[in-house]
Each structure stands twice: as C-alpha cells, then as structure tokens.
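Database features (Swiss-Prot):
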type	residues	note
BINDING	Arg98, Lys99, Lys102, His104, Glu128, Asp129, Val130, Thr131, Thr132, Thr133, Gly134, Gly135, Ser136	5-phospho-alpha-D-ribose 1-diphosphate binding site
BINDING	Thr132, Arg160	orotate binding site
Amino acid sequence: MSKSASRARLADIIRARSFGRGEITLASGRKSDFYFNLKPTMLDPEGAALLAELTFEALREDNVDYIGGLEMGAVPLAGAIAQLSWLKNHPIAAFFVRKKPKEHGARLSVEGLSKTETLQGKRVVIVEDVTTTGGSAIKAAESVREAGGVIVLVLTMVDREEGATEAFAAAGLPFRSLYKASEFLKS
C-alpha cells in the first residue's frame, strides 16, 4: 500500500473507531465538543500496523535510538513502532514515562530500559496519541532530559491544534503530527 493510501486508510479507521462529537473534558481540563480516543485504533490490528508504519517512515531519517512517551497513550504506539523497527532492520527501542514514579521497587520514572541501558546521550523521539496543549509530552520530555536523553522530535498522531505547537516551540522541542484535528472536523 502506498504512503498516501496507508494514510487515508488510517484516517478512516481513526474516524470510525476513535473520533467522536459531544461534550467532553480533555486531559488538559479544557471542555470540547469533539474528542479523539486513539486507544481503540492503537489496539486494533490494522490500526496499530498503519500507525507503526507511518510513524516509522516519518522517523526513518532521524537516526533515532529510543521512542516513547507518557503512559498510557504512548505505550501501545511505542511498542508497535519498536516491533516494526526490528522487522525493518532499523531497531528503535521503546520506553515509557510514568506519570509519577512507583512508590515501591526501583521507583523509576522512565520504564522499559534494562539494568545496563541508559538514555544518556541517546537520540529520543517522544510520541503521543493525541496532543492538545502539549503538557503531557513536555512532561515526558522533561523526564527524558533528566535521564540524559536528547529529544530530537515530539511526534503526535493527532494534533488538536489548541496551542501545542507554540508550547513545544517555547520548550525548544521540534514538533510534528501525522494528522491535524481539522482534517477530521471537515467530515
């Protein structure tokens, strides 16, 4: 399937499984009359495969070592991309950032690394399913920076176009999206 056909098919899946209209309170606390819940798309076999493929292709030239983001939205996405990257002989390891460190065990903020792995000096992409203000991805980026990682990009599947671009610019974080909310609001 061509990139444009994959993108169109994924948009259809998002529209059918993950986009809705109706009053909702977003993670940012804002109210909205439309929403995206990408978990049904990320956990659908075809949706996961297309998200991984399009994301992997968007990152192929960025020489990325790790991909991850804030739990929960980034977890299935980072895992799917890591698996596909292995199959494409261009491995990108996955991790996730806890919203708050566990109060037992190793008390880690960044999870998924082995005892011998570190993000120190590694090129990292922060992924997110849906971005509104950018707050969640910025929180993940701060944890990665504290662990020594170098953020090369924040990549979201859907940008709600509600201030994230400006927030990422202010935080010194390059930002791209696969889709913009306006693409779904037209239909």
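Yeah, the Cβs are placed from backbone N, Cα and C, and that goes for glycine too.
Arg160 (orotate binding site) and Arg98 (5-phospho-alpha-D-ribose 1-diphosphate binding site) are 23 Å apart (CA-CA, integer value).
Taking only the Cα positions, the spacing between Glu128 (5-phospho-alpha-D-ribose 1-diphosphate binding site) and Arg160 (orotate binding site) is 12 angstrom. The distance from the Cα of Thr132 (5-phospho-alpha-D-ribose 1-diphosphate binding site) to the Cα of Arg160 (orotate binding site) comes to 5 Å. Of all the binding-site residues in the record (Val130, Gly134, Ser136), the one with the smallest CA separation from Arg160 (orotate binding site) is Val130. Between the candidate binding-site residues, Arg98, Arg160, the densest Cβ environment within 10 Å is the one around Arg160. Remark: Gly134 (5-phospho-alpha-D-ribose 1-diphosphate binding site) has Val154, Gly163, Ala164, Thr165, Ala167, Phe168, Ala171, Phe175 as non-local neighbours, by Cβ distance under 8 Å and separation of at least 6 in sequence.
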